[in-house]
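Engineer: Below is a structure I'd like to ask you about.
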Amino acid sequence: MYELINKVKELNPLVLHYTNNVTITDCANMTLAIGASPLMSFSYEEVEDMVSVASAVVINIGTMNSSYLDLFVKAGKAANKYNKPVVLDPVGVFASKARGELTNKLLNEVNFTVVRGNISEIKFIGGLDVAGKGVDSFDDGSDASEIVKAVAKKLNCTVVASGITDLVSDGEKVYKIFNGTAKLKKITGTGCMSSSLIASFLPCTDKPIEAAFMGTLSMSLSGELADITKPAVGTFKTYLFDNIDTLDVETFEKYAKVEL
Amino acid sequence: MYELINKVKELNPLVLHYTNNVTITDCANMTLAIGASPLMSFSYEEVEDMVSVASAVVINIGTMNSSYLDLFVKAGKAANKYNKPVVLDPVGVFASKARGELTNKLLNEVNFTVVRGNISEIKFIGGLDVAGKGVDSFDDGSDASEIVKAVAKKLNCTVVASGITDLVSDGEKVYKIFNGTAKLKKITGTGCMSSSLIASFLPCTDKPIEAAFMGTLSMSLSGELADITKPAVGTFKTYLFDNIDTLDVETFEKYAKVEL
Amino acid sequence: MYELINKVKELNPLVLHYTNNVTITDCANMTLAIGASPLMSFSYEEVEDMVSVASAVVINIGTMNSSYLDLFVKAGKAANKYNKPVVLDPVGVFASKARGELTNKLLNEVNFTVVRGNISEIKFIGGLDVAGKGVDSFDDGSDASEIVKAVAKKLNCTVVASGITDLVSDGEKVYKIFNGTAKLKKITGTGCMSSSLIASFLPCTDKPIEAAFMGTLSMSLSGELADITKPAVGTFKTYLFDNIDTLDVETFEKYAKVEL
């Protein structure tokens, strides 16, 4: 599966983002670093034009914005219409009624290929009691494989729960990723960037679970490698992008700690 | 007072931002670096939900946006309603009639805990003649302690004027901070980030002037330390975040140049 | 012409941006790094106030936003009214009907001083068949001097086409810049930042082609210098800002590869 890292650089897929204002620059740079092309829009007028030429679409509700609520739904529906793989990142879905309602609407009106969140967000979507703070997750480290699998089955798509152990499931299989570092939570947007990476891999395979796995692993592994010398957060962020940029099959083979 | 740096990491307060689009990412990362959790929103729908769970609120008018004028007022009022400390950053208040009017409205309808600006902004709010360029300050280095104290008395809150010497006053006392480097003005958003830091400290003490002092000192001191090797601006910005991340009581005790 | 780098630091022009949300922070920091002052706004209310005090105006349609379509036209007209030099960056003009229409409207209702885009964007504006992907250019490296000159004549302004060779023309002369590195396309916003740099130079000369040349050369040369040690993209971006910050007449004289 690791050769997908070559495929993404070869295909250079166009990843269209309807996303938040906090991590939009980092998501663009992350998409470029892995070998894909980012495109961001907040325009109702060009949804059809943009989705029809995109290779994949990301919808990320991170900074809820009253002006974009309908835009995100429109973009998701267009992705379905044009048969484009589409990723939902329900940032902070548990944090407000409005986020819950928007996420609900999106899940009801759009067939997502992948839903990616932290473990609190995924549990919330699955209808469980969750503990979260703002848009951040509470992760006690306990095994949530069965929960993620159940949510994937319920949503009928691939689900990724980022956490101390990352879990990726299509409702049948569960892939586990043990790479990572707590420092990934010390910079903003590593979750959003993972969604961009997953979307970058989606056009490279007909198995969404593989793209979800590769995107998630790319972030956790690069974070781990960026943290080897224990840099402070400014330097860590720079190294994170460096490590995404230089990822190759050999790096995955040497350092990946996964359970398939 | 320096032990507040431990308190912020222990409490991990949730700092809700209604802010501008230029420095929003850096403010989020700065909030994380000091040990708090950032949350940003541009949604009218979730103001009550978000403010009610936040530990502190920042309102920053940096990139005036026609769609958010009422949102910022609504958020400020909600902060008062839920008894949350709230910081105003009146970026470029002197630069346009619209910024003046919005700031006026905010100051009239919301009780702010801290108002932070550069010396030109604070003087303008105090009703004095000011010289500024765009959203940047003209600072001739002369002692503005009495002015800042008078503005604090007038606004009935803590006021911070960032500059060559930073001044922090509650209308009675004036704290002075002599740390810093001119390079902090060579990257965008160090003022906005100071407001995020102040908001991060506010839930850690019942004395707003202490939080204002600690947030302002954290920025000026970290900037000074980041500039020791005289790096160019790209590297300087990375080091600034590194130094915020590694701040501890010892660093404050060793390097702070302040007058209480 | 290289002494304009000293002029920009001396004048410290105020560069007002109506721009996109992806590269807005980097454009602000780039403007500061070259020695100018950035100012960003999304407010209809303050257009007249802001444009009247600005030294130059940039209009960049990068993340099309339904709420700003009229704002951009209003800002452009105000720039003409107040005789301020104004730069258009028609990001991805070929990517959607809406972008084409907005660009058309801007070009019809505003007299731009400089139009800067990648070669695909400039060809599209010139009415030629183009190949582009999303907002990125397809550049086969063939000489497009005559095309750029013709577009400049048609638009009656200075035109910059960024590419493997950068081309700058006022419809008569064509300046060529051979500096650069492919890595500039591996981080987002280097085109947008070039527009900010051009706008920073415009108030420093009465020859727009010189400002366009200096802004474009500053980016391509700094990119080349930042890539000397072949860093990965995170580090490269940091170095890019460092090199812009330290540009001086000597650096231009030593490393510039240009044809005037």
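Glycine too: its Cβ is placed from the backbone N, Cα and C atoms.
In TrEMBL, annotation is done automatically, which means it is predicted and not curated.
Copied straight from TrEMBL:
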{"type": "BINDING", "residues": "A:Met40, A:Gly189", "note": "substrate binding site"}
{"type": "BINDING", "residues": "A:Arg116, A:Ser162", "note": "ATP binding site"}
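Please situate the listed features within the shown structure.
Structural biologist: Annotation note: A:Met40 (substrate binding site) sits in a strand segment as assigned by DSSP.
Following the DSSP three-state reduction, the secondary structure of A:Arg116 (ATP binding site) is strand.
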Engineer: Have a look around A:Ser162 (ATP binding site) and count the other CB atoms within 10 A of its CB, chains all included.
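Structural biologist: There are 27 of them.
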Engineer: Near chain C, which of the binding-site residues A:Arg116, A:Ser162, A:Gly189 can you find when the cut-off is a Cβ distance under 8 Å?
Structural biologist: none
Engineer: So if I measure Cβ to Cβ from A:Gly189 (substrate binding site) and keep only same-chain residues at least 6 apart in sequence, which ones fall under 8 Å?
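Structural biologist: The list for A:Gly189 (substrate binding site) reads A:Val22, A:Thr23, A:Asp26, A:Cys27, given in order along the sequence.
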Engineer: List the Cα distance (Å, whole number) between A:Met40 (substrate binding site) and A:Arg116 (ATP binding site).
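Structural biologist: About 19 Å separate the Cα atoms of these two residues.
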Engineer: Including all protein chains displayed, how many Cβ atoms other than that of A:Met40 (substrate binding site) lie within 10 Å of its Cβ?
Structural biologist: 27
Engineer: What's the number of neighbouring CB atoms sitting within 10 A of the CB on A:Arg116 (ATP binding site)?
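Structural biologist: Excluding its own Cβ, the number within 10 Å is 31.
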